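What follows is a short report on a single structure.
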Amino acid sequence: MAQNLQKKPSKGILKTSRSVDGQDGMPSTSKRAKEQRFDEMNIMETFHPPNKDYGHMKVDEPKTPYSEAVDSDMEPGDELDANILAAKLAASMNKPPKCVDMSDSDEDESEDARQRRLEFEKKRKMHYNEFQALQLARQLMAQEEEEENEDKDQATST
């Protein structure tokens, strides 16, 4: 085996580089930097064939009828008057918003309907008391832990 290590290979295992060879097969002597060249016509023919439509559809429908002249022809009566607008704003300052305006439906309600509504509101308040329920749950858990600790202390002392 030592004999094989002493021998030199007759031929190298690496391929000779042909990237620096010229077009005639001879190595080029110019010191030009490597550059890439693309055959643009081949790329166009390969990736953009003339008969391929790429899924685009041609829509043969007429345009939506819309007249821009309607928006641009504002009549003088349509313009806002600053004085009238200020007066309307001042008048509405004293009124509460319509969404907050309390209706007089309480007076129109019958006694039975009013009683059912008040009962419903009471039940709803009782149902949505999550904060108090959480506080109560924490207290109960703390009491249970204290009782368990007391039971363990009594069991270890006896």
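Glycine is no exception: its Cβ is also placed from the backbone N, Cα and C atoms.
Listed in TrEMBL:
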COMPBIAS  16-30  compositional bias 'Polar residues'
COMPBIAS  50-63  compositional bias 'Basic and acidic residues'
COMPBIAS  112-122  compositional bias 'Basic and acidic residues'
REGION    1-76  region 'Disordered'
REGION    95-124  region 'Disordered'
REGION    137-158  region 'Disordered'
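Using a Cβ-Cβ cut-off under 8 Å and counting only residues 6 or more beyond its ends in the same chain, the compositional bias 'Basic and acidic residues' (50-63) has no close neighbours at all.
When DSSP labels each residue, the compositional bias 'Basic and acidic residues' (50-63) comes out as 0 helix, 0 strand, 14 coil, counted as helix, strand and coil in that order.
Shown for the region 'Disordered' (137-158): DSSP residue counts in helix, strand and coil, namely 21 helix, 0 strand, 1 coil. Helix, strand and coil residue tallies for the compositional bias 'Basic and acidic residues' (112-122), in that order: 11 helix, 0 strand, 0 coil [DSSP].
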